[in-house]
C-alpha cells in the first residue's frame, strides 16, 4: 500500500527518504498520486467511504524507528544499522525485531535496544523513557557525569507528564540530584515556572542550558549513557567451548574461576568455569533452564552454557566486579550512605522478583552481587548453591560453607527458604554499610553458631542509621515467618530518605 494522504507533496517528503510524514507509507515516485490535487471536485471527505478508490490507510500505521547506534551484523538473518538510519518494524518478537531499512530496502532482525521511535523524544540524548526517580539519581551520580548533568524522564505518577533531574552540589549533602516537575499546558506546551513557557521540551532544554533562571544550576551535558550490549541471539543456549575466548581472569572462587572473555570474537561476556566434579552436568542443565527464564534488570543475565565438563556459565559482563570488592576500592569507599542504601534497594528489588517467582537464592551475600559501570547492582549465582556436590560446602562443618550469612534453620536443619534468604540479606546490609567488612568480625564459624544459639545478634555498625539497623534485626528474627518480605524491604529502602525531604524542588 502506498501513501494515501491528500496534502502538499513538497511538504510531505522526509529528506532522502520517500516516506509520507502523515501516514508513514512510501510514496511511489511514478505514481500520479504525487501530483498536487488542485481540482476541488477531487477533494474528498475522509470520513466518507467512496467506491473505486484506493484502500484507506491502515488505522494501525507503520511503526517507524531510527537507529541510535551503528550495528554490525554478526548472525545469519540480522540486519546492519547505521546511526540515524530509519526502518519500518515488521514484527516485534522478544528482543530481536524484524525490520526493513528505508534506505536499502533490506529486511532482517535488529536489536530492539538499538532503535527508537521516529518523531518521538526517545532519540534525544537527554531523554530517558522508563526511568524511576531512584534510578535517575543513580545514573546522574555515576562516574562520568558532572555538576549540571541532567536528564528528562517520564513521570512515575502522572501519565503524560515529565520530570527534570539535575546533578547539583550541596554544601551539606555533597553531590546530589534535584528534581523538577515539568507541567503540561492546555495548549500542549510545557513549563517549570509559569513565568516562562515553552512549546516543546527541546525549547525548554535549550533555554535552561543557557540560563538557570531559578533552577539549582544551568543545564550542562546530558546524563552519560553507554551503548547498550546487543541482546543475546535467540537460538544460542548450549554453545561449543571453542566459541569462547578467555581474556582476563577476574577472580577465583570456591567452585572455579571467573573470566572476562568474548563469545564468537565480538560479544563481551563473563565466563565462569566450574571445577570438574563440583556439580552434576545434567542437574546443572536442568537448573540452568529455569535460571535463564528468570530475567529482570536486577538479576545478572544468564546467556548460555557449556554443559560438558568443565562446565562453563556465560553471563553478562559487569565492569566493576563483585560488590564486596568494589566497596573496598578508592571509588567504593567514598560512596555516601544515600548511595549505599540505593544499592541495597536495588538488591531488594531483585530479590523481590525472585520471591514473587517462588525461587530461592541460597547464597545471598555481597560476593554474589555484581556492579556495573553505572553502579547498578545485579544478583548473580542464584540457585547454584543447591547443585554443589562438595561436602566442604554442603556440610555445615565444611570450610567453604558460608556460615556467617546463613540462617540458623538452614545451618541446623538444611532448611532453605526465601525467609533464609531474608536473613542473609540482613547480613548483606552490614557488608554494605561497613564497606565490605566480613560479618561477625573476630569470630570463627563455630563461635558464630554458638552465639546465634544463645540469641546473639551483631551490634549496630558505625555510621549505620538506626532505622536501617532495626530492619536488619527484623531480618534476623528467630522464627522465619516473622521476617519481612523482600517486597516490603524494597519499599522501605527506596523511600528511606524520601520521607524527610521534598519529592520535588519548589517552582523557581
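Using N, Cα and C of the backbone, Cβ positions are placed for all residues, glycine too.
What Swiss-Prot records for this protein:
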LIPID     2  N-myristoyl glycine
LIPID     3  S-palmitoyl cysteine
LIPID     5  S-palmitoyl cysteine
DOMAIN    126-223  domain 'SH2'
DOMAIN    244-497  domain 'Protein kinase'
BINDING   250, 251, 252, 253, 254, 255, 256, 257, 258, 272  ATP binding site
MOD_RES   393  phosphotyrosine
MOD_RES   504  phosphotyrosine
For residue 256 (ATP binding site), the number of other Cβ atoms found within 10 Å of its own Cβ:
18
Around the Cβ of residue 258 (ATP binding site), how many other Cβ atoms lie within 10 Å? Please give the count over every shown protein chain.
22
Using DSSP, what is the helix/strand/coil residue split across the domain 'SH2' (126-223)?
19 helix, 31 strand, 48 coil
